[in-house]
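Trainee: Here's a structure for you.
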Amino acid sequence: MNKKKNTILIGLYFLVGIMLFPDRIYAMHIAEGFLPVKWAGIWWIAMLPFLALGIKKVKSITQKEGPGIKMLLALAGAFVFVLSSLKLPSLTGSCSHPTGVGLGAILFGPWPMVVLGCIVLIFQAVLLAHGGLTTLGANVFSMAIVGPFVAYGAYRLLKKLNAPNWLSVFTGSALGNLLTYITTATQLAWAFPGKTGFIASLIKFMGVFATTQVPLAVTEGLVTVLIFNLLLEYSEGELKELSVISKGETV
(Lines of atoms letter the chains of each structure in order from A; the text may use other names.)
(Lines give C-alpha, C1' and ligand atoms only; values in the text may rest on other atoms or scores of the structure.)
Protein backbone atom coordinates (compact mmCIF):
# COMPACT_ATOMS: atom_id res chain seq x y z
CA MET A 1 0.00 0.00 0.00
CA ASN A 2 1.48 3.38 -1.02
CA LYS A 3 1.51 6.58 1.03
CA LYS A 4 -1.62 7.91 -0.68
CA LYS A 5 -3.62 4.85 0.37
CA ASN A 6 -2.29 5.04 3.92
CA THR A 7 -3.30 8.70 4.12
CA ILE A 8 -6.79 7.94 2.83
CA LEU A 9 -7.31 5.09 5.30
CA ILE A 10 -6.08 7.15 8.24
CA GLY A 11 -8.39 9.91 7.12
CA LEU A 12 -11.31 7.49 7.25
CA TYR A 13 -10.76 7.07 11.00
CA PHE A 14 -11.21 10.78 11.54
CA LEU A 15 -14.01 11.11 8.98
CA VAL A 16 -16.11 8.44 10.63
CA GLY A 17 -15.35 9.87 14.06
CA ILE A 18 -16.27 13.41 13.08
CA MET A 19 -19.51 12.32 11.42
CA LEU A 20 -20.72 9.83 14.00
CA PHE A 21 -19.05 10.32 17.38
CA PRO A 22 -21.44 12.04 19.81
CA ASP A 23 -20.58 14.43 22.60
CA ARG A 24 -21.50 11.81 25.16
CA ILE A 25 -21.01 8.07 24.66
CA TYR A 26 -23.55 5.43 25.53
CA ALA A 27 -23.95 1.84 24.45
CA MET A 28 -26.84 -0.61 24.57
CA HIS A 29 -24.94 -3.44 26.23
CA ILE A 30 -26.19 -5.50 29.14
CA ALA A 31 -25.01 -3.57 32.18
CA GLU A 32 -22.58 -4.73 34.85
CA GLY A 33 -24.27 -7.01 37.38
CA PHE A 34 -27.59 -7.07 35.54
CA LEU A 35 -27.54 -10.77 34.64
CA PRO A 36 -27.91 -13.47 37.30
CA VAL A 37 -24.60 -15.18 38.10
CA LYS A 38 -25.70 -18.40 36.39
CA TRP A 39 -26.44 -16.72 33.08
CA ALA A 40 -23.37 -14.50 33.23
CA GLY A 41 -21.27 -17.66 33.64
CA ILE A 42 -23.06 -19.52 30.85
CA TRP A 43 -22.37 -16.76 28.33
CA TRP A 44 -18.75 -16.50 29.41
CA ILE A 45 -18.31 -20.25 28.83
CA ALA A 46 -20.11 -20.07 25.48
CA MET A 47 -17.96 -17.14 24.34
CA LEU A 48 -14.47 -18.41 25.23
CA PRO A 49 -14.04 -21.06 22.47
CA PHE A 50 -14.93 -18.49 19.80
CA LEU A 51 -12.47 -16.03 21.32
CA ALA A 52 -9.67 -18.61 21.35
CA LEU A 53 -10.16 -19.42 17.66
CA GLY A 54 -10.45 -15.73 16.84
CA ILE A 55 -7.12 -14.98 18.54
CA LYS A 56 -5.45 -17.62 16.36
CA LYS A 57 -6.88 -16.00 13.23
CA VAL A 58 -5.80 -12.50 14.24
CA LYS A 59 -2.33 -13.79 15.10
CA SER A 60 -2.09 -15.34 11.64
CA ILE A 61 -3.09 -12.06 10.00
CA THR A 62 -0.61 -9.98 11.97
CA GLN A 63 2.26 -12.41 11.33
CA LYS A 64 1.69 -13.23 7.66
CA GLU A 65 -0.05 -10.26 6.04
CA GLY A 66 1.45 -7.01 4.83
CA PRO A 67 0.93 -3.50 6.24
CA GLY A 68 -2.02 -2.81 3.96
CA ILE A 69 -4.03 -5.73 5.33
CA LYS A 70 -3.07 -4.84 8.89
CA MET A 71 -4.27 -1.28 8.28
CA LEU A 72 -7.63 -2.61 7.12
CA LEU A 73 -7.86 -4.77 10.25
CA ALA A 74 -7.21 -1.72 12.41
CA LEU A 75 -9.82 0.22 10.45
CA ALA A 76 -12.36 -2.55 11.04
CA GLY A 77 -11.70 -2.33 14.79
CA ALA A 78 -12.01 1.46 14.81
CA PHE A 79 -15.27 1.20 12.86
CA VAL A 80 -16.70 -1.12 15.51
CA PHE A 81 -15.65 1.18 18.34
CA VAL A 82 -17.08 4.33 16.78
CA LEU A 83 -20.41 2.88 15.71
CA SER A 84 -21.01 0.79 18.84
CA SER A 85 -20.35 3.87 20.98
CA LEU A 86 -23.00 5.92 19.19
CA LYS A 87 -26.17 6.45 21.20
CA LEU A 88 -29.54 6.93 19.53
CA PRO A 89 -32.57 7.49 21.80
CA SER A 90 -35.48 5.06 21.65
CA LEU A 91 -39.13 6.02 21.94
CA THR A 92 -39.30 3.63 24.87
CA GLY A 93 -36.87 5.77 26.86
CA SER A 94 -33.90 3.48 26.35
CA CYS A 95 -31.28 3.76 23.61
CA SER A 96 -29.97 1.81 20.65
CA HIS A 97 -26.73 1.90 18.69
CA PRO A 98 -25.13 0.43 15.57
CA THR A 99 -22.62 -2.37 15.96
CA GLY A 100 -20.16 -1.84 13.09
CA VAL A 101 -19.17 -5.52 12.99
CA GLY A 102 -20.45 -6.14 9.48
CA LEU A 103 -17.62 -4.36 7.68
CA GLY A 104 -14.86 -6.35 9.37
CA ALA A 105 -16.76 -9.63 8.95
CA ILE A 106 -17.09 -8.99 5.22
CA LEU A 107 -13.40 -8.11 4.89
CA PHE A 108 -11.81 -10.74 7.15
CA GLY A 109 -14.53 -13.24 8.01
CA PRO A 110 -16.23 -13.53 11.41
CA TRP A 111 -13.38 -14.93 13.51
CA PRO A 112 -11.18 -11.80 13.78
CA MET A 113 -14.27 -9.77 14.67
CA VAL A 114 -14.75 -11.87 17.81
CA VAL A 115 -11.42 -10.53 19.05
CA LEU A 116 -11.93 -6.95 17.87
CA GLY A 117 -15.44 -6.85 19.30
CA CYS A 118 -14.21 -8.25 22.62
CA ILE A 119 -11.47 -5.62 22.83
CA VAL A 120 -13.97 -2.85 22.13
CA LEU A 121 -16.41 -4.18 24.73
CA ILE A 122 -13.67 -4.47 27.38
CA PHE A 123 -12.55 -0.91 26.68
CA GLN A 124 -16.12 0.38 26.93
CA ALA A 125 -16.80 -1.59 30.12
CA VAL A 126 -13.61 -0.56 31.95
CA LEU A 127 -13.13 3.02 30.80
CA LEU A 128 -16.57 4.18 29.67
CA ALA A 129 -18.82 2.23 32.08
CA HIS A 130 -20.81 0.73 29.21
CA GLY A 131 -21.66 -2.92 29.59
CA GLY A 132 -19.60 -4.73 32.19
CA LEU A 133 -17.06 -7.43 32.91
CA THR A 134 -19.54 -9.88 34.44
CA THR A 135 -21.78 -9.46 31.39
CA LEU A 136 -18.89 -9.40 28.92
CA GLY A 137 -19.58 -12.98 27.82
CA ALA A 138 -23.18 -12.16 26.92
CA ASN A 139 -22.29 -8.91 25.17
CA VAL A 140 -19.47 -10.53 23.19
CA PHE A 141 -21.72 -13.41 22.18
CA SER A 142 -24.41 -11.10 20.78
CA MET A 143 -22.33 -8.33 19.20
CA ALA A 144 -19.01 -10.00 18.40
CA ILE A 145 -20.12 -13.56 17.59
CA VAL A 146 -23.71 -13.66 16.35
CA GLY A 147 -23.49 -10.30 14.56
CA PRO A 148 -20.33 -11.04 12.54
CA PHE A 149 -21.32 -14.63 11.69
CA VAL A 150 -24.73 -13.50 10.44
CA ALA A 151 -23.22 -10.60 8.49
CA TYR A 152 -20.60 -12.82 6.87
CA GLY A 153 -23.09 -15.60 6.11
CA ALA A 154 -25.58 -13.25 4.49
CA TYR A 155 -22.85 -11.55 2.46
CA ARG A 156 -21.39 -14.83 1.17
CA LEU A 157 -24.82 -16.26 0.36
CA LEU A 158 -25.80 -13.25 -1.72
CA LYS A 159 -22.43 -13.31 -3.47
CA LYS A 160 -23.05 -16.94 -4.46
CA LEU A 161 -26.43 -15.87 -5.82
CA ASN A 162 -24.63 -13.26 -7.97
CA ALA A 163 -26.25 -10.34 -6.15
CA PRO A 164 -24.66 -6.91 -6.67
CA ASN A 165 -21.83 -6.17 -4.28
CA TRP A 166 -23.64 -3.18 -2.79
CA LEU A 167 -26.66 -5.35 -1.96
CA SER A 168 -24.51 -8.08 -0.43
CA VAL A 169 -22.63 -5.57 1.75
CA PHE A 170 -25.80 -3.73 2.77
CA THR A 171 -27.75 -6.88 3.63
CA GLY A 172 -24.91 -8.47 5.56
CA SER A 173 -24.31 -5.37 7.66
CA ALA A 174 -28.00 -4.70 8.34
CA LEU A 175 -28.79 -8.30 9.29
CA GLY A 176 -25.72 -8.47 11.53
CA ASN A 177 -27.07 -5.46 13.39
CA LEU A 178 -30.60 -6.83 13.72
CA LEU A 179 -29.54 -10.28 14.88
CA THR A 180 -27.28 -8.74 17.53
CA TYR A 181 -30.30 -7.11 19.14
CA ILE A 182 -32.49 -10.18 18.74
CA THR A 183 -29.77 -12.17 20.52
CA THR A 184 -29.57 -9.61 23.33
CA ALA A 185 -33.35 -9.70 23.74
CA THR A 186 -33.21 -13.51 23.83
CA GLN A 187 -30.48 -13.45 26.47
CA LEU A 188 -32.56 -11.14 28.66
CA ALA A 189 -35.71 -13.19 28.14
CA TRP A 190 -33.92 -16.37 29.21
CA ALA A 191 -32.52 -14.64 32.28
CA PHE A 192 -35.82 -12.94 33.21
CA PRO A 193 -38.73 -15.03 31.85
CA GLY A 194 -41.19 -13.52 34.29
CA LYS A 195 -44.55 -14.99 35.24
CA THR A 196 -45.81 -15.10 31.66
CA GLY A 197 -42.93 -17.22 30.36
CA PHE A 198 -40.07 -16.92 27.90
CA ILE A 199 -42.01 -15.94 24.75
CA ALA A 200 -43.86 -13.08 26.39
CA SER A 201 -40.63 -11.86 27.96
CA LEU A 202 -38.85 -12.06 24.59
CA ILE A 203 -41.56 -10.00 22.91
CA LYS A 204 -41.28 -7.44 25.70
CA PHE A 205 -37.50 -7.08 25.41
CA MET A 206 -37.57 -6.99 21.61
CA GLY A 207 -40.24 -4.31 21.72
CA VAL A 208 -37.98 -2.04 23.76
CA PHE A 209 -35.72 -1.49 20.76
CA ALA A 210 -37.96 -2.36 17.80
CA THR A 211 -38.97 1.24 17.07
CA THR A 212 -35.40 2.37 16.42
CA GLN A 213 -33.50 -0.78 15.52
CA VAL A 214 -34.90 -1.44 12.05
CA PRO A 215 -34.13 2.06 10.69
CA LEU A 216 -30.82 1.94 12.56
CA ALA A 217 -29.91 -1.34 10.84
CA VAL A 218 -30.75 0.21 7.46
CA THR A 219 -28.59 3.22 8.28
CA GLU A 220 -25.67 1.03 9.34
CA GLY A 221 -26.01 -0.91 6.10
CA LEU A 222 -25.82 2.30 4.07
CA VAL A 223 -22.81 3.60 6.01
CA THR A 224 -21.04 0.27 5.54
CA VAL A 225 -21.65 0.39 1.78
CA LEU A 226 -20.24 3.94 1.74
CA ILE A 227 -17.06 2.90 3.55
CA PHE A 228 -16.77 -0.22 1.38
CA ASN A 229 -17.00 1.96 -1.74
CA LEU A 230 -14.12 4.09 -0.46
CA LEU A 231 -12.06 1.00 0.26
CA LEU A 232 -12.81 -0.33 -3.20
CA GLU A 233 -11.56 2.90 -4.73
CA TYR A 234 -8.39 3.26 -2.70
CA SER A 235 -7.62 -0.29 -1.51
CA GLU A 236 -8.81 -2.46 -4.37
CA GLY A 237 -5.61 -4.50 -4.30
CA GLU A 238 -6.04 -5.38 -0.64
CA LEU A 239 -9.68 -6.35 -1.16
CA LYS A 240 -8.65 -8.70 -3.95
CA GLU A 241 -5.88 -10.11 -1.77
CA LEU A 242 -8.50 -10.86 0.89
CA SER A 243 -10.73 -12.45 -1.81
CA VAL A 244 -13.47 -9.97 -0.96
CA ILE A 245 -13.78 -9.02 -4.62
CA SER A 246 -12.46 -10.42 -7.86
CA LYS A 247 -11.04 -8.53 -10.80
CA GLY A 248 -13.56 -6.22 -12.43
CA GLU A 249 -16.06 -6.23 -9.56
CA THR A 250 -17.60 -2.97 -8.37
CA VAL A 251 -20.01 -2.00 -5.63
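Cβ from N, Cα, C; glycine included.
According to Swiss-Prot, the record shows the following:
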{"type": "SIGNAL", "residues": "1-27", "note": "signal peptide"}
{"type": "TRANSMEM", "residues": "35-55", "note": "transmembrane segment"}
{"type": "TRANSMEM", "residues": "66-86", "note": "transmembrane segment"}
{"type": "TRANSMEM", "residues": "103-123", "note": "transmembrane segment"}
{"type": "TRANSMEM", "residues": "131-151", "note": "transmembrane segment"}
{"type": "TRANSMEM", "residues": "166-186", "note": "transmembrane segment"}
{"type": "TRANSMEM", "residues": "208-228", "note": "transmembrane segment"}
Trainee: Honestly, do the transmembrane segment (35-55) and the transmembrane segment (166-186) touch, with at least three Cβ pairs under 8 Å and pairs 6 or more apart in sequence?
Mentor: no
Trainee: Name the range, of those listed as 66-86, 131-151, 166-186, 208-228, that has the largest tally of Cβ pairs under 8 Å with the transmembrane segment (103-123).
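Mentor: Answer, by Cβ pair count: 131-151.
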